Amino acid sequence: MKPLHRWLPVVIGAALLIIFESRAAYAMHIMEGFLPPVWAGFWFIVVLPFWVLGLRRINRLIAGKPETRLLLGFAAAFAFVLSALKIPSVTGSSSHPTGTGLGTILFGPLVMSVLGSIVLLFQALLIAHGGLTTLGANAFSMAVVGPFVAWLIWKGLKDRAPIWLTVFLAAALADLFTYVVTSAQLALAYPDAVGGFAASFARFGAIFAVTQIPLAISEGILTVLIFNALQANAQTELQSLGVLKGAQA
């Protein structure tokens with residue numbers, strides 16, 4: 001694990017740079033106060049069971065395999081850095097990767113639901129990404145749905161397809177489905193006056209797709225590169241987690 005000890009400060013340093021250099025901007029996370037209170041509360045209720053189960057899973061993981069703590073921190077830092085990158089969007093807001101695919105492959109979707117939510121909380125507090133009232137909605141899309149999509153792809157394809165392709169699809173589609181859900185959340189809260197939910201969903205989805213599809217592809221490629229590096233430098237830990245069991249490089 002020595003190489004990871006060298007990488008983790010780099011990832012954390014990049015995160016700190018983003019924190020201190022970030023400027024006010026609207027992010028693809030749903031911003032503070034944007035959702036009506038009823039919907040904001042609804043998404044907290046929906047995501048709460050995942051947090052409870054995820055915390056239990058993390059406690060068992062750390063108790064049984066304390067050597068994985070560094071990888072947990074690395075996965076969280078990776079998600080923080082990627083999801084904090086802001087790229088201008090056609091709406092005057094910004095788009096960003098999600099970074100949840102890697103942690104999901106390593107630890108599963110329940111663990112990532114907690115890590116991703118912690119990332120979102122820190123972003124809301126430190127760099128004005130998202131918000132506290134919209135944390136439930138943002139956590140459901142980025143920290144729950146995205147990771148579960150990545151997990152289904154990983155579990156379904158890792159024994160049937162080249163591992164690089166499986167990692168790419170897991171990361172890229174987790175990113176895309178995050179914004180499909182975000183579009184649905186916004187459409188539910190603000191249906192079109194004429195076309196209702198469907199028209200509003202199509203409008204939000206079309207806006208997000210302009211920047212999010214290229215970002216998802218880029219995130220998939222980057223996640224493959226990082227995963228390959230982990231295979232080379234942390235193979236024992238990956239085997240201990242069951243990540244490489246039955247997978248062919």
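Any Cβ shown, glycine's included, is placed from N, Cα and C.
As recorded in Swiss-Prot:
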{"type": "SIGNAL", "residues": "1-27", "note": "signal peptide"}
{"type": "TRANSMEM", "residues": "33-53", "note": "transmembrane segment"}
{"type": "TRANSMEM", "residues": "70-90", "note": "transmembrane segment"}
{"type": "TRANSMEM", "residues": "102-122", "note": "transmembrane segment"}
{"type": "TRANSMEM", "residues": "134-154", "note": "transmembrane segment"}
{"type": "TRANSMEM", "residues": "161-181", "note": "transmembrane segment"}
{"type": "TRANSMEM", "residues": "207-227", "note": "transmembrane segment"}
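The transmembrane segment (161-181) makes no contact with the transmembrane segment (33-53): fewer than 3 of their CB pairs lie within 8 A, with pairs spaced 6 or more apart in sequence. Most Cβ pairs under 8 Å with the transmembrane segment (33-53) belong to 134-154, among the candidate stretches 102-122, 134-154, 207-227.
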